[in-house]
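Participant: Dumping what TrEMBL says about this protein:
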TRANSMEM  12-32  transmembrane segment
TRANSMEM  109-128  transmembrane segment
TRANSMEM  135-160  transmembrane segment
TRANSMEM  257-277  transmembrane segment
TRANSMEM  289-308  transmembrane segment
TRANSMEM  328-347  transmembrane segment
TRANSMEM  381-397  transmembrane segment
Amino acid sequence: MTFSLSPGDVVAMTLVPTMSLILIAYILSRLLPVADPDVDTFEKIVDVDADTSGTSTLTIVDEELNGDTSGTLADEEIDSDTSRTLALAIEPGDVVGDYSQPWKDTFDVTFVLLMAVLLFALVVATLVTTPSLLVSGAFITALLVKFVAMTSCSLLGGVICRRFSTFDEDGYVVGSKNGWFRVNYTRKFQHFAAYMVPIYFPNPPSISGLIPDLWSNFVTLFCFVILIKPLRTRYNLIMLQFISLDRPEDRPHTLKWIVMGNIIPGLTLIVLWRLVFRLTGNNENLCSIFVLITGIGDGLAEPVGIWLGKHKYKTFAFCSKRKYTRSLEGSTCVFMSGMIFPLLQYADFETRLQMWICSLLLAPLMTFAEATAPHTMDTPGLFLVGGSVILIVLSLTNE
C-alpha cells in the first residue's frame, strides 16, 4: 500500500531540494573561506612537478629520509613505518607508484584464489538448494547481459582514456594531453556499472533469492578479476578496461583498493540489506535508494570536486598512511542525492511521512559518512548508514 502524490507534494519535492542547493551554494561561496588542507605533518617541502604533457609526480625534500633530498615519492616511502607519520595530501593525477613488482607477490594472486573459492562455494550451494539455476537459460542469459554491460562500460572508459591521456612505456596513464582530463572521471564508469547494472538489468522475475543475487555479484567481481596483471599485459582489450579505473595516485594498489575496499563490501552489504528488508516484511526495493545515492551522488562527487572544488579537506587511504583530498563541493553531490532519491522513489514508501523523514535524514547522514570514510572505502560506509536509516525509519513509522 502506497500513497498518492498531491499537488502540494510535487511543489514541496521541487522546492526543498532546490532551496537546499541554493543555500549550500551561498554558504560555500560567501561564508566559508577557500583554503587547501594543511599538509605539513613535519618539516618537509612537497612539490608537484608537471611537464607539458600533464604528467605529474610527487617530489619530497626532507633531511630525514636517508639523506635523499629529491626524488619521486614511491609508495614504500609513504606506507613504510617511520618514526613519525608521513602524511601527504595527494592530488588527483599524482603518480605515486608503479607495477614493477612481480604479480605473484601482489594482491592479484589473492584475488584469483578468492574467486576460485567463491566459485566452488557457489556451485556447491546452488547444487544443494536450486540446481535448476545451473541449467536455466534465462538465468545464464541474465548473467551474460550483466557481464557485457559491465565490460562495455569499462571499455568505453578505456577508449576515452586513450583519447585524452598520455602513457608510459608499459601502457599505464601518467598524464593528460590537455591538462583537464583525469582517470578519476572514467573510473566512475565502473563505479556506476557495479551498482547500477544489477538495478537496471535484474534477474528474471521468476528467479529471485539469495543464491541468484550471489551469482550476480560473482559476475561483477569476475569483471574485475580479469584485470590482473598477467592478463592485462597480454590482451589489449583488458588493458583498455584497466586503464579506465587505474588512478595514478592509487598505484600499485588500484585493484586491491577498489575490490577489497569498495566492491566486495558494497556487494555484500546489498545482499545482506535486501535479505534483512525481505525478512522484516519491508519493501526491498527501498535498498535502491542508498545504492543510487552512492552510485550517482558519490560517483559525481569526485569529478565535481576536481572541477569545482575550492574547499578542500583530507582523508586517509585504506590501510595506508597516504592522505588524499576531498572537497565540500563534491560532498554536496552526495547531500543532494540523499535528498532527491527518496523523493523520486516515493512509490515504494507506505506513507508520506516515511518518504520525507528518509529524505531529510539520508542527506546529511550519508554526506557525513562519505566525508569521513577512508579513501576508496566510502561505499560500505554509505551503504551501512543508508540501510540503517531507512530500516529504522520504517520500523518506527509502520502502522
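Including glycine, each Cβ sits where the backbone N, Cα and C put it.
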Participant: Cβ under 8 Å to the transmembrane segment (381-397), counting only same-chain residues 6 or more beyond its ends: which ones?
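Facilitator: Residues 265-266, 269-270, 273, 276-277, 280, 282, 286-287, 289-291, 293-294, 298, 334, 350-351, 353-354, 357-358, 361-362, 365-366, 368-370, 372-373 contact the transmembrane segment (381-397) from elsewhere in the chain.
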Participant: Under 8 Å for C-beta pairs, could you tell me which stretch among 12-32, 109-128, 257-277, 328-347 has the largest tally with the transmembrane segment (289-308)?
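Facilitator: When the Cβ pairs under 8 Å are tallied, 328-347 comes out ahead.
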Participant: Quick test of the contact rule: Cβ under 8 Å, at least six residues beyond the ends. What residues does that give for the transmembrane segment (12-32)?
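Facilitator: Sequence-remote neighbours of the transmembrane segment (12-32) are 5, 310-311, 328-329, 332, 335-336, 339-340, 343, 346, 359, 363.
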Participant: In terms of Cβ proximity under 8 Å, which residues at least six beyond the ends of the transmembrane segment (109-128) contact it?
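Facilitator: Residues 103, 134, 211, 214-215, 218, 221-222, 224-225, 228, 255-256, 259 contact the transmembrane segment (109-128) from elsewhere in the chain.
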